[in-house]
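Below is one structure, written out as structure tokens; comments come after it.
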């Protein structure tokens with residue numbers, strides 16, 4: 001009997017551990033993929049025909065971003081593109097459970113066709129050290145020129161270093177020695193709208209009707225149920241506010257439709273930027289160097305010739 005109880009206990013413990021492991025894997029995956037996966041699941045291309053990056057559909061506030069990189073690169077060369085997402089690292093955002101926490105950052109980098117994430121064996125130790133423990137992925141398996149990352153801790157990675165490999169027109173017939181645009185989208189903090197159109201708890205909530213607030217019920221797990229006596233039809237409307245936003249109204253107050261019931265807890269935002277890069281022809285560079293060298297030599301010979309002429313003139317005057 002005792003052996004049977006021990007067996008049952010071990011069986012239950014094994015099941016419990018398995019469930020906990022699965023929950024950990026699922027929640028970890030959903031958090032780590034939260035930023036890119038929303039866009040990846042809903043949009044074939046992260047940049048619309050208007051030039052707008054689709055992340056702006058969920059991250060409504062506008063914030064600055066910046067990108068730094070070389071003005072020109074040679075073919076088949078690894079270079080770094082530095083994405084800067086500045087914000088006050090002391091700020092806290094509303095998390096999904098309504099509590100306050102640190103902000104994460106994420107970014108999407110849209111490179112010209114042919115440019116791609118550098119393979120690990122081509123990344124120099126200097127660039128690898130600047131990258132830290134960042135993990136990049138392609139927006140689509142067949143879209144190697146579009147790279148996404150995030151969310152990652154903003155306090156540690158307000159600057160993201162992307163290792164990029166330039167194409168070689170000698171082997172890639174689609175690549176040409178031209179000037180190309182690079183597009184960037186970067187965000188800090190959570191979004192306000194989910195891809196299905198529903199609101200997150202990181203945004204302002206407004207009244208759905210005009211009337212008097214007859215009751216405010218605080219839920220056990222956080223958030224509020226706000227009952228409004230509708231003055232237009234005499235009925236009642238119940239507005240739900242999730243945990244996170246702070247109420248701005250009180251019981252007995254007269255409110256109007258679309259009047260904010262809460263503050264706007266969002267402290268993050270999304271921004272777009274762009275840059276240009278030239279895929280430089282090595283022969284053109286060599287030609288330019290030869291031209292500059294010839295100009296310098298010509299100047300030297302001209303100076304020497306002038307001095308020689310002055311000496312001849314001086315000798316003739318002495319005669």
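We count from 1, first residue shown onward.
Using N, Cα and C of the backbone, Cβ positions are placed for all residues, glycine too.
Here's what Swiss-Prot has on this protein:
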- 35, 55, 58, 59: heme binding site (BINDING)
- 1-34: signal peptide (SIGNAL)
- 285-304: transmembrane segment (TRANSMEM)
List of residues, in chain order, with Cβ under 8 A from that of residue 59 (heme binding site) and at least 6 apart: 187, 189, 191, 192, 268, 269, 270
Outside the transmembrane segment (285-304), six or more residues from its ends: residues with CB under 8 Å to it: 74
Per-residue Cβ crowding (10 Å cut-off), top of binding-site residues 55, 58: 55
Conformational class of residue 55 (heme binding site) under the three-state DSSP mapping: helix
